[in-house]
Amino acid sequence: MNSISEEAKYTIQKVHAREILDSRGNPTVEVDIYTGCGFGRASVPSGASTGSNEALELRDKDADRYNGKGVLKAVDNINKTLSKELLGMDARNQREIDELMIALDGTENKKTFGANAILGISMATAKAAADSLGIALYRYLGGTNAFALPVPTMNVINGGKHAGNDLSIQEFMIQPKGADTFSNALRMGAETYHALGKVLEDKYGASATNVGYEGGYAPPISTTADALDALVSAIEEAGYTESEISIGLDSAASEFFDGDKYFIDGNKLAPAELVDYYLDLIETYPILSIEDPFHEESFEDFAALTSEAWDTIIVGDDLFVTNVNRLAKGIEMEAANALLLKVNQIGTISESFDAANLAQRNGYSVVVSHRSAETEDTMIADISVAIGGDLIKTGAPARSERTAKYNQLLRIEEDLGDAARYVQL
């Protein structure tokens with residue numbers, strides 16, 4: 001019987017990509033990586049509202065296939081080019097592999113091969129390495145200090161580009177921050193989600209419980225206050241207090257900015273007026289966090305709100321796009337106080353971890369996030385624990401591409417046992 005050498009255990013022996021479907025029925029990239037004694041499979045998410053500074057997601061633009069949204073070019077870039085470069089490399093050398101792909105691509109936004117191609121390999125490499133070593137992915141990525149479970153921030157009312165209603169704000173979220181364990185937090189969130197369904201159905205009819213891309217309800221609500229009132233009622237109906245479950249907003253404000261003013265709740269507001277608008281909401285409702293409250297280039301306005309709302313988590317998503325250069329600018333200007341981490345915005349695991357490290361070194365919170373078009377891949381759950389993320393944003397406790405991430409966190413909490421700690425905000 002031939003025994004495999006220690007070095008060969010971790011050597012990449014095969015890389016294969018394919019086109020699969022995401023949760024919105026559009027194609028995405030899936031990558032398999034085989035080492036001498038391990039295997040990793042990863043699939044890449046996609047966003048609906050995207051920052052203009054994100055790494056490029058390569059689409060075929062062939063109108064005869066999937067309305068131009070096919071990803072066969074990205075798949076071919078893996079199978080015909082990148083795979084040959086990776087064969088024989090040690091899967092444990094994550095940064096070396098990521099930097100090689102970046103260098104081979106040769107562009108700032110990864111447009112040569114596509115960030116969806118590069119990220120698929122980057123994710124699958126980490127999974128294959130962990131499997132080869134026989135350790136959990138969160139432990140492989142995070143080391144011995146990975147033991148904190150993030151607070152889930154659950155998108156339970158969808159608006160903006162995530163729904164077909166008239167709400168300007170894209171996401172209304174609940175955050176069971178008062179739980180003592182992640183499993184209890186998930187239960188509290190699910191109970192409140194179901195209570196919200198009843199509140200909405202009683203007020204707006206059965207159609208109000210239709211769901212959007214991320215599992216949240218998409219009721220016929222047109223004002224921010226009506227949505228927030230429904231959340232407050234649901235929290236009370238579920239038997240919880242505002243100190244136990246807070247509210248988060250994702251404005252995705254670039255989507256309702258006309259270059260001069262913001263169109264929200266039927267009004268056009270100048271940036272200074274929008275600051276006051278948010279401050280009024282914070283005063284009235286138990287709002288813990290606001291994501292992308294202004295246009296993605298409005299660093300000064302982010303800084304103004306961060307200064308005024310000093311005890312609120314102001315999250316930069318399109319503002320930072322998980323990019324260390326944009327994040328460094330935000331830190332210097334004191335624009336926002338939290339990073340939204342989306343691995344497909346930047347395109348590699350190494351660069352994502354660099355952004356998280358920079359944020360945390362400067363006192364910024366980190367929120368690990370899904371995208372509106374997801375797959376059954378659960379890696380962001382492991383990443384959240386690995387980096388010590390404060391919150392995880394992965395949709396409502398509904399639709400299996402969302403609950404897959406929550407269920408993975410339950411498994412991680414179980415694996416950690418008595419060492420598990422639930423983040424306190």
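Including glycine, each Cβ sits where the backbone N, Cα and C put it.
If you look up Swiss-Prot, you'll see E214 marked as active site, proton donor. What Swiss-Prot records for K342 is active site, proton acceptor. If you look up Swiss-Prot, you'll see Q170, K342, R371, S372, K393 marked as (2R)-2-phosphoglycerate binding site, on the strength of sequence analysis. Residues or ranges marked as Mg(2+) binding site by Swiss-Prot: D250, E291, D317.
Structural mapping of features recorded in Swiss-Prot.
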residue: Q170; record: (2R)-2-phosphoglycerate binding site; CB count, 10 Å: 27
residue: E214; record: active site, proton donor; CB count, 10 Å: 30
residue: D250; record: Mg(2+) binding site; CB count, 10 Å: 26
residue: E291; record: Mg(2+) binding site; CB count, 10 Å: 28
residue: D317; record: Mg(2+) binding site; CB count, 10 Å: 28
residue: K342; record: active site, proton acceptor; CB count, 10 Å: 25
residue: R371; record: (2R)-2-phosphoglycerate binding site; CB count, 10 Å: 26
residue: S372; record: (2R)-2-phosphoglycerate binding site; CB count, 10 Å: 23
residue: K393; record: (2R)-2-phosphoglycerate binding site; CB count, 10 Å: 31
Spatial neighbour of Q170 ((2R)-2-phosphoglycerate binding site) that is closest, considering only the recorded positions E214, D250, E291, D317, K342 and their CA atoms: D250
Rounded Cα separation (Å) that holds between D250 (Mg(2+) binding site) and the residue listed as 'active site, proton acceptor': 14
Residues Q170, K342, R371, S372, K393 [recorded (2R)-2-phosphoglycerate binders]: greatest CA to CA distance in Å: 17
D250, E291, D317 excluded, remaining Cβ within 8 Å of their centroid (Mg(2+)): Q170, E171, L249, S251, A252, I290, D292, V315, D318, L340, S369, K393
Among K342, S372, K393, which are recorded as recorded positions, the nearest neighbour of E291 (Mg(2+) binding site) by Cα: K393
Distance [Cα-Cα, Å, rounded] between R371 ((2R)-2-phosphoglycerate binding site) and E214 (active site, proton donor): 8
Cα proximity to E214 (active site, proton donor), best match among recorded positions D317, K342, S372: S372
Nearest-integer angstrom distance between the alpha carbons (Cα) of the residue listed as 'active site, proton acceptor' and D317 (Mg(2+) binding site): 8
For K342 (active site, proton acceptor), the three-state class that DSSP assigns: coil
